[in-house]
Amino acid sequence: MMPEIGNGLLCLALGIALLLSVYPLWGVARGDARMMASSRLFAWLLFMSVAGAFLVLVNAFVVNDFTVTYVASNSNTQLPVWYRVAATWGAHEGSLLLWVLLMSGWTFAVAIFSQRIPLDIVARVLAIMGMVSVGFLLFILFTSNPFSRTLPNFPIEGRDLNPLLQDPGLIFHPPLLYMGYVGFSVAFAFAIASLLSGRLDSTYARFTRPWTLAAWIFLTLGIVLGSAWAYYELGWGGWWFWDPVENASFMPWLVGTALMHSLAVTEQRASFKAWTLLLAISAFSLCLLGTFLVRSGVLVSVHAFASDPARGMFILAFMVLVIGGSLLLFAARGHKVRSRVNNALWSRESLLLANNVLLVAAMLVVLLGTLLPLVHKQLGLGSISIGEPFFNTMFTWLMVPFALLLGVGPLVRWGRDRPRKIRNLLIIAFISTLVLSLLLPWLFESKVVAMTVLGLAMACWIAVLAIAEAALRISRGTKTTFSYWGMVAAHLGLAVTIVGIAFSQNYSVERDVRMKSGDSVDIHEYRFTFRDVKEVTGPNWRGGVATIGVTRDGKPETVLYAEKRYYNTAGSMMTEAAIDGGITRDLYAALGEELENGAWAVRLYYKPFVRWIWAGGLMMALGGLLCLFDPRYRKRVSPQKTAPEAV
């Protein structure tokens, strides 16, 4: 009975989403405040109905209701209860329901926290978000219903959750990523509302920017957590592989970063209006593209869900409708919000525009490298591979001017400035950057690699100028805001991430060795000694754990416990890496296959500064969070009268 209730709640949600999509817009056209205000009620009802359906599915997993096909395919009585809850979004149908839940949650949040926003704007924004919800609810109900039954015959035991997903990181990674994806729908809705109304001013930017910041924070955390999970769970010691689905989350992050900065210019200087709208449309469009790549079956990835052609065609049609319709609307009405401001070449807004262009260019490089092999294969032209060298080379050389401008930008005033005002500071920063980028590799690794120097030069340039500018502000007694300190934290976070990338990419050491009890291998300054392998048993798996002692200069450093697990129901063998993490290095061991005569294949790594990559990502997210606390986002703006015909 419960699955039928869940299905009924989804049908109810579809009806409410349809009302939300139409009724408030009708109210805008008629100038009827009550009809416009109904959008908030519909948003609440939509969230409650979808949340109810989601809880029904969670309950089906907790009680092991294997009459539900989705539960039988992704759970097992031996699965710990917390993984049973996480299995709710562990495969295609449930993850789509999570998407719709979060979509309705964002819609409800806009309804709650929009009391200071003119009612006509709220009505348009919530209606557009309702339209997006309609598309995904139709997709779930007609192609991907998580409440489908296996009656009258159903298994007494489930197939189990994919062992790769039986990890704490994967409990939080998809919700965070989806919160970011879905969050950009708010910026998208504000952009479409601006095009419909024909106006975009600083107040619109002030409404949109906190929602964009929140989405960007969640997406940043999702990417950071996913990268860390890949590092410790997959057993290959990497943190980014330029996988198509990794790229699918990275592209909206790049455009979202550009959008945040563009909104700042629109808010401060009433510039970049059309550009800001285009970025908002592009960010959410790229989120839809990522959904298509994961669920269409056009690629093979550890992230991709198996899917049938009907699902792929539905998503493709929906994506074309949303993106195509948005771009057509932009082409037709974008001129109504075009800026009339001429910016000086040496001004903060011009430098921000240059970096916006570089971010979009980086996104296009990733988009080309991701889609070209897929398009080439679909056209019957054979298989081609675009791998890490292409992405690393193209991306690096786009980021060099980006880092240069990023360091200088906060030092330059809005409107017009003179370069000579900061000339001495730039000279000092240049000398400091040169010295640090040459000295640090030699101090930590006793050798200098050109690409490391380049990466450290970018990081030091950003960090030195950010710290120097903050010190100058403090010494002069200049008033600073949460937004300012958020910017400093985010820029320093990027510098920290670049340091981690520069060291880990160029100084990591990897060894694939055959080891048995008593064997030792030297890597960098460390000696790894293989002691033994013991049998272990978990709630739904059994395996072996290898004990590997590590010494440095003859003194004990740490002990690593690398596991090889066999999951009973799934019949899968998984590697659980052993990692000893530190501020400046990671020691990493992954147990491979058992060989003859008691020997094992073992993969050992020395990874310098790798944790700085994720620490920098967390600092960037913290910077975004600080910006959210800026008081100006809580100021009330007087409503503007809406023309009835401007829907």
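Using the three backbone atoms N, Cα and C, a Cβ is placed for every residue, glycine included.
Judged by Swiss-Prot topology annotation, GLY6 lies on the same membrane side as ALA310. Within the same chain, residues 210, 213-214, 216-217, 220-221, 223-224, 227-228, 231, 239, 260, 444, 482-483, 485-504, 508, 581-586 sit at least 6 positions outside the transmembrane segment (609-629) and bring their C-beta atoms closer than 8 Å to a C-beta of that stretch. Residues of the same chain lying 6 or more positions beyond the ends of the transmembrane segment (121-141) and with a Cβ under 8 Å from any Cβ of it are 10-11, 13-14, 17-22, 24-25, 27-28, 35-37, 39-40, 42-43, 46, 93, 96-97, 99-100, 103-104, 106-107, 110-111, 114, 185-186, 188-190, 192-193, 196-197, 204, 207, 311, 314-315, 318, 321-322, 647. Taking Cβ pairs closer than 8 Å, the topological domain 'Periplasmic' (232-235) reaches residues 164, 167, 169, 302, 575-577, 579, 590, 603 in its own chain, all 6 or more past its ends. Counting only same-chain residues 6+ beyond the ends of the transmembrane segment (312-332), those with a CB under 8 A from a CB of the stretch are 132, 135, 139, 142-143, 188, 191-192, 195-196, 274, 277-278, 281, 284-285, 288-289, 291-292, 295-298. Helix, strand and coil residue tallies for the topological domain 'Periplasmic' (503-608), in that order: 8 helix, 76 strand, 22 coil [DSSP]. Most Cβ pairs within less than 8 Å of the transmembrane segment (274-294), among stretches 94-114, 176-196, 211-231, 236-256, belong to 176-196.
Residues of the topological domain 'Cytoplasmic' (197-210) grouped by DSSP class, helix first, strand second and coil last, total 10 helix, 0 strand, 4 coil.
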